[in-house]
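Taken straight from Swiss-Prot:
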- 96, 100, 102, 122, 123, 124, 125, 126, 127, 128, 129, 130: 5-phospho-alpha-D-ribose 1-diphosphate binding site (BINDING)
- 126: orotate binding site (BINDING)
């Protein structure tokens with residue numbers, strides 16, 4: 001079984017992903033969605049989080065080669081970045097969404113030097129906006145961000161466009177299309193639900209309105 005399918009299966013099993021085609025969730029952005037993904041739940045399942053960390057570490061080595069620093073996005077990316085940096089035996093930093101308003105006023109916590117090659121670790125990619133803020137902060141600090149590694153992506157057109165425009169490479173362990181296929185095969189959803197789930201992906205902003 002592929003990594004994509006294994007991770008999708010695990011996320012469904014521990015209920016980190018909820019699929020409710022008939023009772024949609026409302027995201028903070030206002031988008032109505034038949035799916036809600038909360039990868040923070042992986043923290044409570046040692047075997048799942050270990051598999052995720054190992055898979056991210058392998059994917060980073062295969063895709064980006066030698067890097068100098070692993071950066072986690074605050075807050076959900078931090079634990080995964082810590083485990084991955086341990087496996088790769090590399091320094092780690094984390095990046096806030098904005099600079100602190102007290103103390104040193106840091107946006108990046110941990111040492112970063114000019115020219116260091118960095119991979120940003122994120123738990124989830126929707127539009128990619130928060131990840132790109134982290135990339136921007138690291139580049140302003142002089143780092144060379146070689147890409148983003150995430151557990152899951154919705155694969156939304158808006159997110160793909162933003163990442164392409166910024167020239168940032170994204171690798172993920174699994175994605176929306178793989179996940180809904182696994183959900184159908186494992187009887188989490190019906191064939192009718194699948195049609196709804198596919199429709200949402202085509203136009204999330206207008207779906208359910």
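Any Cβ shown, glycine's included, is placed from N, Cα and C.
Taking the features listed in Swiss-Prot, we show where each one sits on the structure.
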residue: 96; record: 5-phospho-alpha-D-ribose 1-diphosphate binding site; DSSP (3 states): coil
residue: 123; record: 5-phospho-alpha-D-ribose 1-diphosphate binding site; DSSP (3 states): strand
residue: 129; record: 5-phospho-alpha-D-ribose 1-diphosphate binding site; DSSP (3 states): helix
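Counting only same-chain residues six or more apart in sequence, the Cβ atoms lying under 8 angstroms from the Cβ of residue 126 (orotate binding site) belong to 27, 29, 153, 154, 156, 159. Taking the Cβ of residue 129 (5-phospho-alpha-D-ribose 1-diphosphate binding site) as reference, residues of its chain lying under 8 Å away and at least six apart in sequence are, in sequence order, 162. Applying an 8 A CB threshold to same-chain residues 6+ apart, the list for residue 125 (5-phospho-alpha-D-ribose 1-diphosphate binding site) reads 131, 148, 150, 152, 153, 154, 159, 170, 172.
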